[in-house]
Amino acid sequence: MFLSQESPPLEAPAETSNTKTKTILNLLQGCNTLKKLRKIHACVITAGLLNHPAISTKLLNFCAVSVSGSLLYARLLFYQIHNPQIDHWNSIIRGFSRSSSPIQSIFFYNQMVSIPTRSRPDTYTFSFVLRACERVIIPLADRKRKEVHGTVIRSGYDRDFVVCTNLMRSYAGNGSIENARKVFDEMPARDLVTWNSMISCYAQAGFHYEALKTYDLMRIENVGVDGFTLVGLLSSCAHVGALNLGIEMHRLARESGFLNRNIYVGNALIDMYAKCGNLEAALSVFDGMKKRDIFTWNSIVVGYGVHGRGLEAIEFFKKMVMDGVNPNSITFLGLLCGCSHQGLVQEGVKFFNLMLSKYNIKPEIKHYGCMVDLLGRAGKLKLALDIINSCPSQNDPVLWRTLLGSCKIHKNVEIGEIAMRNLVQLRASNAGDCVLLATIYGEVNNADGVSTMRKMIKSQGIKTTPGWSWMEINGQVHKFVVNDISHPDINEIYMKLREVIQEVTLLGYVEEDSMSLVSLKGFSGEGYCWGNGSYHSEKLAIAFGISRTPVGTCLRITKNLRVCRDCHSFTKFVSKAFNREIVVRDRVRFHHFKDGECSCKDYW
């Protein structure tokens, strides 16, 4: 029943059993299509060798694991095998763990362990079922994961590096980073792969400080590094702006030889330097790479794009195409971002249209968001509204929030109200949106509008998103929050901030609050300058940086939200008053402050 009618008859296998077995194993060795496998399967049945361990394992492994296989066929084949052995179970569990139906992997695992006389799980069984648990996003998966964890302990596999590493990844993949760390801490011994996995778990979960602290423990225990370690740590350095530690990783990569032989390390270095605000170093790494792939080019294009250097990003794109590398969606994201931040409207529209017409790349929600931002910043608000209406995902709140931000720049009440109505209808409005619209009302002296937004925040219990800023000094990352009281040196920081405010006031700095035409008292939160604007997180970071670094040292700050107008103005004055270069990376772009000017030229 498995042999198709069109298939030519296979030659009869040799007489002896050993010769039959050898012939079939050779056929399986050269099998590369499901059609061929069906013929071999028919031959196996005819020869009565379906339950031969090596033959049945190879048959099942091809169906379950090979890219040319079929899980449906694998299931049928599995149930034909009498008394499946551990290799059979592992093949079917592994196959479904990587499929679109990972729950089936758990189903077969349950079958395997339900009868004590059957094969017992081994290292591979546990690893495959834990991978399935990681991919099944339902509450029951967490219970199953803990159940498997218990079986691991009872079976004595809690000392197995591979099983423990997969346990960590499975827990972390579903947000249980504490359990992942517990598995790590309870291991009697750890190898480099285990350390790399813990760093990766933290980084992927967004716990970048913890990832960097894990590296500190590695150094204490004299554990070396490899390419995976460097890539994971560089990713975390990039996210929190830990430039000095990133430079140390660069030194390690160069001394260990990974920089020359591992393209992923080079790509991670470019990304790290770009995200830490040092484009010159990013370009130096790029120029020194003998081999480049799409990720290399994307790192440099996106790097220049988010720094607002759109024309240079376009030049890199041209070189990339000339080098024979086809762009992808990330490439165009970097280009559109650069065009948006530099006001290159015609160029941005051109690249947006090229995506589908020339490269057959369907624009995603982020590309539409860049176009809304590009047109909105340029004052083409109606065109930006048309872009949203043409987007297949026009119900995405990010698009409407981006449009609302542009309306704030151009004081457009009409379209701002349209954007806000859509956010409310999508039940996605937050305090930041209310403050944006209140600001627009305030700019046009609409006191009733400001009052309406204030009441909306109070009646709906909307809370602001706390703003955070990070700064690295002497290898240690310091974190500040709006109106912070948690930093151990907070009293000293506030005293220094007051001194800084006095200095910049003498140069002409005026707090944004006092410039408001309509009182916005009652609104607060990072990214919006009314109500304790003097104590926004980046101001605290700047004060701390000035007090803890030598005169002339560049200050590098990373924020989780957009910089507000008041803090932007404040930082420009600080750069002039204290002769400092200050690099601020906010949620959207980079700002390079020097001599009282910003690289964005107040276009952000």
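Just so it is clear, glycine is given a Cβ too, placed from its N, Cα and C backbone atoms.
Automatic, uncurated: that is what TrEMBL annotation is.
If you look up TrEMBL, you'll see 536-604 marked as domain 'DYW'. On the 0 to 100 pLDDT scale, the domain 'DYW' (536-604) averages 91 in the predicted structure.
For the repeat 'PPR' (160-190), the list of distant contacts is 123, 126-127, 130-131, 133-135, 137, 141-142, 145, 149, 152, 197-198, 200-202, 204-205, 207, 223: same-chain residues at least six beyond its ends, Cβ to Cβ under 8 Å. The repeat 'PPR' feature in TrEMBL is assigned to 160-190 (among others).
A Cβ distance under 8 Å defines the sequence-distant neighbours of the repeat 'PPR' (191-225), meaning residues of its chain 6+ beyond its ends; these are 161, 164-165, 168-169, 171-173, 175, 177, 180-181, 184, 232-233, 235-237, 239-240, 242, 245, 252, 256, 477, 479. Annotation comment: TrEMBL describes 191-225 (among others) as repeat 'PPR'.
Panel annotation: around the repeat 'PPR' (262-292), residues 227, 230-231, 234-235, 237-239, 241-243, 246, 249-250, 253, 299-300, 302-304, 306-307, 309, 323, 325, 556, 583, 585, 590, 592 of the same chain, lying at least six beyond its termini, place a Cβ under 8 Å from a Cβ of the stretch. According to TrEMBL, the repeat 'PPR' annotation covers 262-292 (among others).
Each residue of the repeat 'PPR' (293-327) gets a DSSP state, and the totals for helix, strand and coil are 26 helix, 0 strand, 9 coil. As annotated by TrEMBL, repeat 'PPR' applies to 293-327 (among others).
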In the repeat 'PPR' (160-190), how many residues does DSSP assign to helix, to strand and to coil?
23 helix, 0 strand, 8 coil
